[in-house]
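A.B. asks: The following feature annotations were taken from TrEMBL:
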TRANSMEM  B:6-27  transmembrane segment
TRANSMEM  B:39-57  transmembrane segment
TRANSMEM  B:63-87  transmembrane segment
TRANSMEM  B:94-118  transmembrane segment
TRANSMEM  B:130-155  transmembrane segment
TRANSMEM  B:167-189  transmembrane segment
């Protein structure tokens, strides 16, 4: 009887189709003053039109948006805080990731920056070209690095995709047979008693 | 079809868990010693079936096999699917652990429904009727589970009709494939192991 059961079972699992996972993931990286996110289902499909929501540590919603056709969404960092980024894929699919505050750069709004530089100008009477230049140069370098790193970050995100491992599948089946077997053992003991 | 962590509201989670506990208790009561191997086999089949994906437009849907479990196991579908879903949740993160109750309730309730409504046809001696019983179980198993998922989502804030439509449309290929598959499995079992269906 059991060999036939096993045969039936093999018939069922050999039904040829695609073996993928079914769950969604979100991957977020800080790039300059922006956060870049990529979302995909664990079968590798990009999540188009998924709703992204960003919350701060105390659970206030800071912003929301929709992923593009590549499953990507970027936003300017709204606040230096532990940011919780949630993707809602519809039909009960949801995933979240947290970008800790220490990964975020100090947020300097352009206005403040200008104020700072003008203050510098006033305080030091000598022309402070050097100060302005350092700010500008730092910006340029950061931009260039971000642009260069963007593809690398994308590759890392691709590789982070979780795959269903065959060992887990076999292990799961083993668990089921083990647990049912233990139950059967106790039921059999009771029956014999 | 698996609902993730943090999607549903607490009352829905508790409601689902209650249904699962009640269904599992009934299922465990009805299990006979000789049912154990088929529970193990169908629970594993269910566990693996969710890894088999069918691409549907922008998304993909997977086989569920709850109709098949229902028609063979009856009320024992509750413990069988609970075990399968629990392992899917911890090994693959399919569906949240807190949503385990709701996920089991949606899939096992429709399995029991198939058992109550289509088992009679499977017992008949007519091959066509046997196939139809299998087809209807496979089809309705997914269909009703889809409606129940939509219901639990709608109780947590989404609007029922569009969500239900979306879930049902995405799962139409799955329903058809599962219907055909379950139909053939019933025919096959009827030929080689008819006592499994009695």
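Each Cβ is built from the backbone N, Cα and C atoms, and glycine gets one as well.
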A.B. asks: Looking only at the recorded stretches B:39-57, B:63-87, B:94-118, B:130-155, which one has the largest tally of CB-CB distances under 8 Å to the transmembrane segment (B:6-27)?
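C.D. replies: The stretch with the most close Cβ contacts to the transmembrane segment (B:6-27) is B:94-118.
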A.B. asks: Counting Cβ pairs closer than 8 Å, which of B:39-57, B:94-118, B:130-155 has the most of them with the transmembrane segment (B:63-87)?
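C.D. replies: Per the Cβ count, the answer is B:94-118.
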